[in-house]
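To keep things clear, I will list the structure first and then write my remarks on it.
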Amino acid sequence: MAEFNFKIEKKIAGRLGRAGTIMTPHGDISTPAFITVGTKATVKALSPEQVMASGSPAALANTYHLLLEPGAEAVARAGGLHRYMNWPGPLITDSGGFQVFSLGAAYDEGGINKFLKPGLPSRTAPKRPSEEGPREPKPAKIDEDGVTFRSPLDGAEHRLTPESSIQIQHQLGADIIFAFDECTAPTADYVYQKEAMNRTHRWAERSLAEHERLTQAKTRENASKKVLGPLQASLEARLFDKHFPESYSALFGIVQGGRFQDLREASAKFIASLPFAGFGIGGSFDKTDMGTAVGWVNAILPTDKPRHLLGIGEPEDMFEAVAQGADTFDCVTPTRLARHATLLTATGRLNILNAAHRDDPTSIEADCDCYACQNYSRAYLAHLFRAGEIFGATLATIHNLRFMNRLSEQMRAAILAERFLEFKAEWLAKYQR
């Protein structure tokens, strides 16, 4: 079996953070690392080569969206997700839970966000019908066994359970996959968060059992192939490129519990007791104490396994997460902002459509080594967006991804040089959110 492993290279003195390396069948991920999101097996406006050139060490695709289109079976017939999207590096798939639950329990709350809006009180989710009057039925229904939902594409009914989520992710064949969990809205109160957390724990055990069953079956299948001898090996070598080795997926369990310390700690203890290869930290946070909440969890999780913070990617949040022991994180924000003419810089966000940039001959950032900054001016990029040219989104996405990857690289270098806290203070002093 191809090996999945993790090693710590340097710890931040007095903190939970560290620099390390995650080893997968398709290459290594040097941490801390920002994981690029390619929701539908693609990063909008970029080729895989452009994503890799930005320094992205890995990509994350979404199980929910790939289930709906093209379907997990189609990806499996193509040889798995790596071959299907021509991505030779490490791949991650989420369980699909976040998207499904944003259509379910959190549907009444306007979907699931990662952070509670300031001044918004907790409330029980979902709302009672008497509070809101008649409305359309929810697109998703949750029960103990799983979730039933309808496709927004064609209205077809689908069912996701811990077992089917793991089966789909095995068909996709990513290097890192996630247990099926119940996500909650940031406004959900203590009672609902606890109920969802306990269900997540039961689903974690079921996800793990199905993963072990499928992994053992795959091991037996591959052992039988070896008996077929050189002819079979030669055929497979012609069919499948050497750059796409067969992937054995490492399963991560997910910690839930919302913004409540006792729930987060209880969830961390339970998930840590199971033989997962790594851990995801899911759910919602209060923006003002996100780092503290991550610290509650990582003070309990085993130090010898990687931790992924799901759906977090603002620079200030990344600094807090890294200091509190998160190794990797993913977020759609950098690429989404790029497609809407907003660029990330070390001094804050830059709207390229502002009048000041119409005739600006300078690059987006003087010290950035990305393709966009090395070859084009702000004036040209502003022109592309005003003209509605897709190349504008391409250049902006290249820059924003490189910005996130450079920041991760700089954080890692600072940890290795034993000056992370100094680097954090210096960097955030210049950054205008």
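Cβ atoms here come from the backbone N, Cα and C positions, even for glycine.
The feature active site, proton acceptor is assigned by TrEMBL to Asp94. Counting only same-chain residues six or more apart in sequence, the Cβ atoms lying under 8 angstroms from the Cβ of Asp94 (active site, proton acceptor) belong to Leu60, Asn62, Thr63, Phe178, Leu310. In this structure, Asp94 (active site, proton acceptor) belongs to neither helix nor strand by DSSP; it is coil.
The Cβ neighbour count for Asp330 (active site, nucleophile), using a 10 Å radius and every protein chain shown, is 22. For Asp330, the entry in TrEMBL reads active site, nucleophile.
The number of other Cβ atoms within 10 Å of the Cβ belonging to Gln256 (substrate binding site), over all protein chains shown, comes to 31. According to its DSSP assignment, Gln256 (substrate binding site) is coil. The substrate binding site annotation in TrEMBL covers Asp94, Ser95, Gly96, Gly97, Phe98, Asp181, Gln256, Gly283.
Residues annotated as Zn(2+) binding site in TrEMBL: Cys368, Cys370, Cys373, His399. There are 28 other Cβ atoms within 10 Å of the Cβ belonging to His399 (Zn(2+) binding site).
Look at TrEMBL and you will find 128-144 tagged as compositional bias 'Basic and acidic residues'.
The domain 'tRNA-guanine(15) transglycosylase-like' annotation in TrEMBL covers 17-106 (among others).
The domain 'tRNA-guanine(15) transglycosylase-like' annotation in TrEMBL covers 138-432 (among others).
Here TrEMBL flags 116-147 as region 'Disordered'.
Tertiary neighbourhood of the region 'RNA binding' (311-317): same-chain residues 34, 98, 114, 282, 290-291, 326, 329-334, 344, 404, 407, 427-428, 431, 433, selected by CB-CB distance under 8 Å and a gap of 6+ residues from either end. Summarising the annotation, TrEMBL assigns region 'RNA binding' to 311-317 (among others).
Taken from TrEMBL, the feature region 'RNA binding' applies to 335-339 (among others). Secondary structure of the region 'RNA binding' (335-339) per DSSP, as helix, strand and coil residue counts: 5 helix, 0 strand, 0 coil.
Other than Asp94, Ser95, Gly96, Gly97, Phe98, Asp181, Gln256, Gly283, the residues of this chain whose Cβ falls within 8 Å of the Cβ centroid of the substrate site are, in sequence order, Phe101, Phe178, Phe180, Glu182, Cys183, Ile254, Gly280, Gly282, Leu310.
Long-range neighbours of the region 'RNA binding' (335-339) within the same chain, counting only residues 6 or more positions beyond its ends whose Cβ lies under 8 Å from a Cβ of the stretch, are 36-37, 43-45, 349, 393, 396-397, 399-401.
Between Gln256 (substrate binding site) and Cys368 (Zn(2+) binding site), the C-alpha separation comes to 37 Å. Apart from the site residues Cys368, Cys370, Cys373, His399, the chain places the Cβ of Ser363, Ile364, Glu365, Asp369, Tyr371, Ala372, Gln374, Ile398, Arg402, Phe403 no farther than 8 Å from the centroid of the site's Cβ atoms, the recorded Zn(2+) location. In sequence order, Ser363, Ile364, Glu365, Ala366, His399, Arg402 are the residues of the chain that are 6 or more apart from Cys373 (Zn(2+) binding site) and have a CB within less than 8 Å of its CB. Averaged over the region 'RNA binding' (311-317), the predicted model has a pLDDT of 92.
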